[in-house]
Structure formats: C-alpha cells, structure tokens
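Asker: Pulled from Swiss-Prot, these are the listed features:
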- GLY11, PRO12, MET13, PHE14, SER15, GLY16, LYS17, SER18: ATP binding site (BINDING)
- GLU83: active site, proton acceptor (ACT_SITE)
- PHE113, ILE157, GLU158, ILE159, ILE160, GLY161: substrate binding site (BINDING)
- CYS138, CYS141, CYS170, CYS173: Zn(2+) binding site (BINDING)
Amino acid sequence: MNGGHIQLMIGPMFSGKSTELIRRVRRYQIAQYKCVTIKYSNDNRYGTGLWTHDKNNFEALEATKLCDVLESITDFSVIGIDEGQFFPDIVEFCERMANEGKIVIVAALDGTFQRKPFNNILNLIPLSEMVVKLTAVCMKCFKEASFSKRLGEETEIEIIGGNDMYQSVCRKCYIDS
C-alpha cells in the first residue's frame, strides 16, 4: 500500500473547517512531512494565504483550478486544500494525488446557503478514507448548527464572505428565517 489517502472535513460556515485543516497539516509538519496548502484564489477576504475566520494565517498556494498547481506540488507528500467546494477539479485531483501516495486533506462546505449539495464536493465522500462532518453554533439560538444561511438577497452560489454575509444556523432557525 502506498499510504496515500483522502481526509475530508465538511460542514457549514464557522464550523472550524479551515482551523482543523491547519491543525492536521501542522501535525504532519511536526512529523517532518513536506506539506503544502492550497486555497481558492478568489477568496481574498483577509489577504494572501489561508485565513481562518478568527484571523489565523497559514501560507498557501493560490489557484482557481487544482490542475494549475500540479507541477508546483510534486515534491510534497501532504496536500491541504481549503474551500474545496470551489475547485471544479477537486474529485479528480484528490483521487489522483491519493493514488500517487500523497495524503490529501480537504476542508469544504457540504451544502450551499440553499441547503443543496455544493458543486461536486459530495462526490469525494465515497473516495475518502476519513470523512468528518463538523457543526457550528447557531448564531440565532446557540444550538448546534449544520447549515449556512446567507443574509443578503443574492442568488448566485459563489459569493465569498464572512459573518457580514452569512450565519451558521440550526434547522429550526434556517426554516424560521
């Protein structure tokens, strides 16, 4: 066995997906693995690099398609991918990297603000050795939150924002608002 595998962390906004991605990549760095992280280049909310909502920063390559960074990552054995739902080639890329013996760690939204599957991220589930569904805290009633609620009236799927544009909510608060 080549040791390659896929770890997938999914959940709503503000559930700690990016923080967990950074934690996992750091574990491998401590064990002397060569690690790289990749972020979606259109996500420039806080500046360059991978940022968490609580303003922790982590160095990252930027791309809109993962195939664009293939040549840059050949020497790395651990690949972290943030905002995986935005990459159109996420499934093919992760499968290829894992089959080549690389450890691939993906953080992604599983659902849109409309509670629909987010692009093809759910197609990674049957290919992943580990899947973790994280929850947030409902920003209305403070119960467990599994959904992301958009505050504005925009209808496009890809609108990148923070707590100025989205809330994490539980089922009841999603339906009630």
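Quick reminder: no glycine exception, Cβ is built from N, Cα and C everywhere.
Would you situate these features in the structure and describe their surroundings?
Answerer: Cβ neighbours of SER15 (ATP binding site) (same chain, under 8 Å, six or more residues apart in sequence): LEU134, THR135, ALA136, ALA145, SER168.
Under DSSP, GLU83 (active site, proton acceptor) is assigned to coil, being neither helix nor strand in the three-state scheme.
For the recorded site, GLU158 (substrate binding site), the DSSP three-state label reads coil. Long-range C-beta contacts of GLU158 (substrate binding site), restricted to its own chain and to partners at least six residues apart, with a cutoff below 8 Å, comprise ASN42, PHE86.
For CYS173 (Zn(2+) binding site), the same-chain residues lying six or more positions away in sequence with a CB closer than 8 A to its CB are CYS138, LYS140, CYS141, ALA145, LYS149.
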Asker: Tell me, which recorded positions from GLU83, PHE113, ILE157, ILE159, ILE160, GLY161 are within 10 Å of PRO12 (ATP binding site) if we use the C-alpha atoms?
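Answerer: So the list reads PHE113.
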Asker: What does DSSP assign PHE14 (ATP binding site), in three states?
Answerer: coil
Asker: What is the Cβ neighbour count of GLU83 (active site, proton acceptor) at a 10 Å cut-off, with all protein chains included?
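Answerer: Other Cβ atoms found within 10 Å: 23.
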